Amino acid sequence: MSVATSDMAEAIPERGRAVLIAGPTASGKSALALALAEACGGVIINTDSMQVYGDLRVLTARPTPADEARVPHRLYGTVDAAVNFSAGAWVEAAAAALADARGRGLLPIFVGGSGLYFKALTRGLSAVPAIAPQVREDVRARLEQGGVEALHAALARRDPTSAARLNPNDRSRVARALEVVEATGRSLTDWHRDALPPLLPPEQVTALFLAPQRDELYARIDARFELMLQAGALDEVAALAARKLDPLLPAMKAHGVPALIRHLKGEISRDEAASIGCADTRHYAKRQFTWFRHQLPEFEWVAPDRAAERLERQTG
């Protein structure tokens with residue numbers, strides 16, 4: 001344990017604060033959270049939209065069973081890949097995990113890379129109700145039959161504001177916006193105006209964004225993807241593909257899954273699949289930098305090797 005981490009053990013619990021550790025994929029978030037949880041008597045609460053799925057432990061870099069045995073972990077691998085797990089569902093689960101942590105006197109440490117989840121924690125989330133399965137199935141069928149252009153045209157007729165805001169080629173977001181307006185009679189924009197209150201107001205949290213040097217991060221991403229393949233990621237994807245799930249489900253679009261499925265079908269080589277998976281992950285990391293910079297400026301950016309020291313300074 002570093003001196004700074006040792007100091008955090010004294011500083012943070014006295015204040016009863018929650019700690020938020022965000023950052024791009026492969027930036028060292030989990031290691032920092034584990035050290036902090038061990039030092040402070042904390043519980044690590046997953047704040048990553050892909051690590052909720054039980055089918056993809058290796059490919060989503062979930063904590064190992066050994067790490068999970070060291071400190072309490074919550075919301076990891078609890079959702080089946082067949083479920084379209086929404087941000088609203090995550091907030092509900094996170095609220096229960098937060099209440100449990102506080103009831104047991106544990107420091108809540110939210111860790112992950114999903115910006116929308118962190119925004120919901122500190123800013124609140126729109127109160128869009130659950131969409132009836134029949135509506136969702138109807139929209140998906142129209143998407144498959146007519147394509148995204150026809151679906152976007154339908155959205156433009158029902159909800160021109162959302163249609164103008166969305167990329168017309170973004171199948172998932174266009175379908176989601178049309179589902180909402182057809183199921184509720186209100187546009188997604190209207191629902192976003194009626195946000196639910198935040199679970200953790202900004203003044204109650206210590207929030208860091210781990211920001212490695214880009215070239216170092218991209219090298220880590222490439223190396224880690226190869227290690228994932230060696231650790232059984234391809235077997236995970238084969239088992240997932242055998243279930244023949246809707247390709248639009250979030251788990252089916254996890255970084256690396258589509259390319260590895262193409263490899264399993266004999267369409268591309270293993271090396272080509274790995275190259276695509278690495279490139280997709282690097283692009284995602286770049287988007288994470290941009291998203292947090294513009295959407296959550298209250299997060300303090302820090303180099304990973306200075307994060308423990310910075311946490312101590314913020315809370316001490």
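Cβ atoms here come from the backbone N, Cα and C positions, even for glycine.
Taken from Swiss-Prot, the feature ATP binding site covers Gly23, Pro24, Thr25, Ala26, Ser27, Gly28, Lys29, Ser30, and the record attributes it to sequence analysis. Note: Gly28 (ATP binding site) has non-local neighbours Leu210, Pro212, Pro304, Ala307, i.e. same-chain residues 6+ apart with C-beta under 8 A of its own C-beta.
Taken from Swiss-Prot, the feature substrate binding site applies to Thr25, Ala26, Ser27, Gly28, Lys29, Ser30, supported by sequence analysis. DSSP gives Gly28 (ATP binding site) a coil state; it is part of no helix or strand.
Marked as region 'Interaction with substrate tRNA' by Swiss-Prot on the basis of sequence analysis: 48-51. A Cβ distance under 8 Å defines the sequence-distant neighbours of the region 'Interaction with substrate tRNA' (48-51), meaning residues of its chain 6+ beyond its ends; these are 60-62, 76-77, 85, 87, 90, 111-114, 116-117, 250-251, 254-255.
Reduced to three states, the DSSP call for Ser114 (site 'Interaction with substrate tRNA') is coil. The C-beta environment of Ser114 (site 'Interaction with substrate tRNA'), restricted to residues of the same chain at least 6 apart in sequence and closer than 8 Å, consists of Thr47, Asp48, Ser49. Annotated site 'Interaction with substrate tRNA' per Swiss-Prot: Ser114 (among others), in sequence order.
Arg136 (site 'Interaction with substrate tRNA') falls within a helix when secondary structure is assigned with DSSP. Counting every protein chain shown, the number of other Cβ atoms lying within 10 Å of the Cβ of Arg136 (site 'Interaction with substrate tRNA') is 18. Swiss-Prot lists Arg136 (among others) with the feature site 'Interaction with substrate tRNA'.
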* Structure fact -> Whole-Å Cα distance, Thr25 (ATP binding site) to Arg136 (site 'Interaction with substrate tRNA'), is 30
* Secondary structure at Gly23 (ATP binding site) (DSSP, helix/strand/coil)? -> coil
* Structure fact -> Other than Thr25, Ala26, Ser27, Gly28, Lys29, Ser30, the chain contributes near substrate (Cβ within 8 Å of their centroid) the residues Gly23, Pro24, Ala31, Ala61, Gly113, Leu210, Pro304
* Structure fact -> Expressed in Å to no decimal places, the gap between the Cα atoms of Pro24 (ATP binding site) and Arg136 (site 'Interaction with substrate tRNA') is 31
* Taking the centroid of the Cβ atoms of Gly23, Pro24, Thr25, Ala26, Ser27, Gly28, Lys29, Ser30 as the ATP site, which other residues of that chain lie with their Cβ within 8 Å of it, listed in sequence order? -> Gly113, Leu210, Pro212, Pro304
* Mind tallying the region 'Interaction with substrate tRNA' (48-51) by DSSP state, helix then strand then coil? => 0 helix, 0 strand, 4 coil
